[in-house]
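Features reported for this protein in TrEMBL:
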- 274-301: compositional bias 'Polar residues' (COMPBIAS)
- 1-148: domain 'K+ potassium transporter integral membrane' (DOMAIN)
- 170-373: domain 'K+ potassium transporter C-terminal' (DOMAIN)
- 272-301: region 'Disordered' (REGION)
- 21-42: transmembrane segment (TRANSMEM)
- 48-73: transmembrane segment (TRANSMEM)
- 80-101: transmembrane segment (TRANSMEM)
- 107-125: transmembrane segment (TRANSMEM)
């Protein structure tokens, strides 16, 4: 799944110490059903042993080849040193494997058929994901590609999209950001089709880390984007961390508020900016103003900028929060390559039946908006 050779399914990490200790409910159910079917279909232990023998010998032969490749490319051992031991062991494994393949008509066919089906599934999913990535890359641009600001402060679409003015709606809009860089497709589709945008915008990106948990001080990264009152929040989380909670909006707002207060404090008096003071200031909007005035008139412009941003953030949050997610529908391009179209059709069918549903987010349904859009692959 990490290498995009299989659809995303539920995975449960059962240990904080052994990171690779997993429990996959669907795999367990499939193994149970498959075991019952195989035991019912095979009428004797000889046929079952033939199927098992081919499986074992294939695994042994592939292990020999993989260890040899690891020795050359990972351990940097000379190929001339690796070749002779590999040749001896591979010949022995090949002899046993050829003997096992003689039993294909009497039961060993099942192992080869199952391996072929799984390999086809892996290759179809990988090919489909690559085509999806190519299609999505066509819309990855910085925010300045879509939105510009006039000298009088009016925000509008850029000339390539008609220079239509964008109306500002009150409230805080949290856009789920899939890529974590450039402009989320859901945001570009939102403003291009509706020609409006929330007063405060936050691009929310989740970045999983292969650790049980990420400390709170290292979990959040906030940055300001070119669009006024627009921020990107990147959350690094471990597999035991719970990020999507009912109070997600409050957590996101607190992190952006902390970022604004820290920047304002740095502009005013960097020596007074300690973690304790920043934490205390994040709960009171008036302290930021006092920090700005304490630095004198020279910092009034910069401090006022962050003070205004903080006020707009708090006003937008108090007015209301909406979560905007994207639902990307894929359409196969018309072409004479029917094999490619069949492969992509299978990929889209699997994708549609395995994709995460918006209802599983665990957020308040009245605050979630799903923006659908169509892309050709």
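Placement of Cβ uses the backbone N, Cα and C atoms for every residue, glycine included.
Model, not experiment: these values are computed from the prediction.
Nonlocal intrachain contacts for the transmembrane segment (107-125), taken as residues 6+ away from its ends with a CB within less than 8 angstroms of a stretch CB, comprise 4-7, 38, 42, 46-55, 58, 100-101, 343, 346-347, 350.
DSSP states for the domain 'K+ potassium transporter integral membrane' (1-148), grouped as helix (H, G, I), strand (E, B) and coil, give 104 helix, 6 strand, 38 coil.
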